[in-house]
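According to TrEMBL, the region 'Disordered' annotation covers 1-81. Per TrEMBL, the feature compositional bias 'Gly residues' maps to 51-66. Residues or ranges marked as domain 'Uroporphyrinogen decarboxylase (URO-D)' in TrEMBL: 117-126, 237-253.
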Amino acid sequence: MAAPGGADVEQDGGARATYRGASSGARWQHTEGRGKMAAAGEARLRRDGGVDGAGRGRGRDGGGMGADRAASGGNGEAGERLRSMAGGDRLLPKGFPKLKNDTFLRAARGEQTEHTPVWCMRQAGRYLPEFRETRASQDFFATCRSPKLCCELTLQPLRRFPLDAAIIFSDILVVPQALGMEIVMVPGKGPTFTEPLKEVEDLLKLRQKVDVTAELGYVFQAITLTRHSLEGKVPLIGFSGAPWTLMSYMIEGGGSTTMAKAKSWLYRHPEASHRLLRLLADVIIDYLVGQVAAGAQALQLFESHAGHLGPELFQDFALPYIRDIAQAVKSKLKEEALPLVPMIIFAKDAHYALRDLAHAGYEVVGLDWTIRPQEARAQIGKDVTLQGNLDPCALYAPKEKIGELVKKMLESFGTQRYIANLGHGLYPDMNPEHVGAFVEAVHAHSRHINKHS
């Protein structure tokens, strides 16, 4: 799968491990085929405090000196605040450093910007050597449950590239875990559910009421730590998978080219499908509100499997919950006196639904690379910011060609009410220098266009 939050789901190596949600005792079961290096990495993670028995970050994180420096906050006032954590005190989601670069947030809200902001989905990923070094021999979900490691991985691309936003390192599948489902990271295959949903009766196995602080508090801790560690450099994005995308994984048991098992539920068990989607939406709403309370300054909802639905199924089983999430999150943010952060909806391959998504309550609509910017703008209108949509494979081109493609993209979208991104996440074999060329081209060409417009 494409792990949307910058988290690059492992497809090779590492230990097999399963995890069941925190309140059930955070039971890790290591199985065969680990190898000495993987076992040593897991032991080091436990010894150095990557996660404790309940999945909470503590002590050293086993991520090397870079992770320690990131978690200690570096220099300055923020660094002093973070170094005061010695002795086990937990950072609080308040007193954050002043934001120095708000270009991304202004573009999301439709305000004028001097340059077009840019970030990349999966910008923290295996294409970075430092990412691979930090993640070496450590289970993927163990990493996701270590606030210090998530912080370090989130910051790594910011050290290389002048990106205009950070996105927390995590994974969309932490939500099914919070519902009590068990996931195995299988080498060469990726995340696999040990007991996917097969019959309607299986819904009874899921937690019907989820305490997101108990089950997903490690994500909130990672967000708070990262927000402090950023020292106001750029805004921090939180995220979640959308209900249909998560439902499809929970039924398919992993990735699928057809989503036939999950779609069969929509036809055979429509009422049960709505019960599951409603349960997921309720958890997602609380999860996203919790991320803002922890320090997230924007939110993105990933409906990554929208392309498997046609217009009718999308209208019935995806769009209502996408709308509900935006409405409920904003309502709860107001009730709890939390910032009304901009929200982004990214429904991959949902060209047929762009007009509906434009009125779904999100400030930004993300686009994949298979639609022309002019067509998207015509359907969405001028009151919503667009995000996207360079073909990720364009980054295999020479740097000069990347610059040409970026220039064409900016001319097509316009430099205002627009956030530059790829149409999907970065791939593991991409050259970091080409990612840098993409980011720099967006800044240079957008400034030039703005200056001469």
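Here, residue 1 is simply the first one shown, and the rest follow in order.
Positions of Cβ are set from backbone N, Cα and C atoms, glycine also.
Whatever TrEMBL says is automated annotation, not expert-curated.
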> In terms of Cβ proximity under 8 Å, which residues at least six beyond the ends of the domain 'Uroporphyrinogen decarboxylase (URO-D)' (117-126) contact it?
Replying inline: 2-8, 103-104, 107, 132, 135, 153-154, 156-157, 161, 163-167, 169, 237, 346, 419-422, 424-426, 428, 435, 438-439, 442-443
> Across the domain 'Uroporphyrinogen decarboxylase (URO-D)' (117-126), what is the average pLDDT of the model, as a whole number?
Replying inline: 97
> With DSSP, how much of the domain 'Uroporphyrinogen decarboxylase (URO-D)' (117-126) is helix, how much strand and how much coil, in residues?
Replying inline: 0 helix, 1 strand, 9 coil
